[in-house]
Amino acid sequence: LTGVLDDCLCDIESIDDFNTFKIFPKIQKLQERDYFRYYKVNLKRPCPFWADDGHCSIKDCHVEPCPESKIPVGIKAGSSNKYSKAANNSKELEDCEQANKLGAVNSTLSNQSKEAFIDWARYDDSQDHFCELDDERSPDAQYVDLLLNPERYTGYKGPSAWRVWNSIYEENCFKPRSVYRPLNPLAPSRGLFLFFSWTGLCLEKRVFYKLISGLHASINLHLCANYLLEETWGKPRWGPNVKEFTRRFDPIETKGEGPRRLKNLYFLYLIELRALSKVAPYFERSVVDLYTGNGHEDAESKALLLDIFRDTKSFHMHFDEKSMFAGDKKGAKSLKEEFRLHFKNISRIMDCVGCDKCRLWGKLQTQGLGTALKILFSEKEIQSLPENSPSKGFQLTRQEIVALVNAFGR
């Protein structure tokens with residue numbers, strides 16, 4: 001890919017250089033720190049749109065929760081910390097560890113981590129969201145170590161997977177005109193190509209569509225890059241699958257649509273980069289702490305995050321979100337609310353994903369993008385934040401912060 005992206009004055013080569021040499025090494029380090037590696041998620045929420053019939057048929061694509069008597073998978077928010085050394089060292093725990101199995105979510109956590117989560121809960125405060133947030137107090141919500149659960153191909157595919165994406169595109173997205181079905185890029189086209197006509201579609205709706213397409217491209221790229229190449233006697237080998245990548249993104253194989261998908265990924269990157277630069281004042285305040293209970297590590301994590309913010313501000317070709325919702329106040333407010341509700345619906349569809357590992361990363365990346373949108377539409381509130389006290393006008397929960405950083409990291 002080369003050249004300028006649509007709807008912004010930025011070229012692909014500049015993004016590549018900026019990301020490779022400035023952002024990526026630092027964001028990778030940040031994702032490894034305790035505050036950002038543990039994400040609380042409810043993987044048992046029922047699908048709100050259709051009967052939950054699409055669970056992955058691969059034997060280890062789902063997670064078997066540990067019975068409470070055997071020391072649980074994760075920790076219930078707000079409960080007292082009743083974890084003894086004897087319980088953690090018991091043989092029973094070993095039965096619950098499924099880290100090396102295909103698609104299984106590894107939910108094992110150190111005792112120290114569990115203690116920190118209870119303190120983290122105090123720092124969270126809910127606001128008006130672009131995403132349907134999981135209730136962290138639910139008994140089904142659990143902490144997941146993202147480093148032990150990399151996003152990769154688990155074998156989850158077919159009608160169930162495409163039902164999710166088609167629902168996102170067909171029912172919950174502002175679409176360009178003349179998009180021929182099926183939107184499934186792997187389905188036989190029967191001679192129909194995917195043509196786009198943006199006639200009559202305003203900037204805001206183009207942006208929305210590109211973000212969803214970019215998110216789809218990002219997820220597909222990670223599945224191609226970390227694909228199950230073979231599984232022999234319980235020892236899976238993962239790696240890049242060039243054939244799968246070609247099938248999804250090659251210009252000839254996709255009738256010219258693949259490069260457009262990849263350009264939308266760059267556009268998604270720009271939107272989330274812009275959000276990071278805009279939210280910097282929120283974190284620059286002394287009252288905001290990336291709290292884990294380890295003072296030295298917390299200070300290092302915040303210093304690294306602020307360093308990344310400085311880099312994001314140095315980028316000279318940001319997407320200008322001021323051009324969005326800039327019409328008459330009534331129309332702009334209505335469109336913004338429509339935007340928010342569409343995206344909230346998409347976050348709910350992620351509860352219909354049948355594979356737990358896919359659901360985990362789908363929910364996290366959707367929430368990360370939703371958090372980015374929340375930031376971009378809260379500029380005035382962020383600029384008027386008090387230095388030494390919590391803000392009622394704008395607040396991020398720890399769940400949102402972790403999702404924002406890890407989604408951008410993807």
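Backbone N, Cα and C atoms are what each Cβ position is placed from, and that goes for glycine too.
All TrEMBL annotations are machine predictions without curation.
Matching TrEMBL disulfide entries to the candidates Cys352, Cys358 identifies the partner of Cys355 as Cys358. In the structure as shown, the Cβ atom of His216 (FAD binding site) sits within 10 Å of 20 other Cβ atoms.
Taking only the Cα positions, the spacing between Arg152 (FAD binding site) and Cys355 (disulfide bond) is 12 angstrom. The maximal spread of the FAD binding site, taken as the longest Cα to Cα distance among Arg152, Thr154, Trp165, Ser213, His216, Arg248, is 21 Å. Cα to Cα, Arg248 (FAD binding site) and Cys355 (disulfide bond) are separated by 21 Å.
Within 10 Å of the C-beta atom of Trp165 (FAD binding site) sit 18 other C-beta atoms, taking all shown protein chains into account.
Among the binding-site residues Thr154, Trp165, Ser213, His216, the residue whose Cα lies closest in space to that of Cys355 (disulfide bond) is Thr154.
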